[in-house]
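Peer 1: Structure below; questions to follow.
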Amino acid sequence: KFYFARTGWLSVALIPTPIAFFLLAASGTSLALYTGTALIGLSSGFIFAAAVSVTSELFGPNSVGVNHNILITNIPIGSLLYGFLAALVYDANAQSTPGNFTTSDSVVCMGRQCYFWTFVWWGCISVLGLGSSVLLFLRTKHAYEHFEKHRITTQVIVS
């Protein structure tokens, strides 16, 4: 039987996120947009589903609800930061890119270049998150191996 720690699965689940952001930055096709969106949704869904069990394993079963709520505050904070960064990049490109036009006191940016640097920045931030997740996996790997060996020996004794 093959056993892989949940923190390892969490790291694996994060791999599509930077790929998706760099794909969105590199290509302006509809296929890249659909693929990038699907990869981000797949990764986010897996992380959200696995977060409860990983939280209880890392911090114990006591107060798992409180610990989980603290850990998932990254969702609104990340959304706020992503929106703020996207707005800054959009405004900077809207004012500096020739060919954009003004409508009722606002400059409208047209094309992929309006969000290019947003995708690049978030791809880099996703790589940082992936690296942190891999470090968490490496740090907890010994404990998970110990727990798995203990579970197997307990199972053999009971059988």
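Backbone N, Cα and C define each Cβ position, glycine as well.
The following feature annotations were taken from TrEMBL:
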DOMAIN    5-143  domain 'NFD4 C-terminal'
TRANSMEM  7-26  transmembrane segment
TRANSMEM  32-59  transmembrane segment
TRANSMEM  71-90  transmembrane segment
TRANSMEM  119-138  transmembrane segment
Peer 1: Can you work out which residues elsewhere in the same chain, 6+ from the ends of the transmembrane segment (71-90), have a Cβ less than 8 Å from its Cβ atoms?
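Peer 2: Contacts of the transmembrane segment (71-90) (Cβ under 8 Å, skipping residues fewer than 6 from its ends): 48, 51, 55, 109, 114-118, 121-122.
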Peer 1: Going by DSSP assignments with H, G and I as helix and E and B as strand, what are the residue counts for the domain 'NFD4 C-terminal' (5-143)?
Peer 2: 112 helix, 6 strand, 21 coil
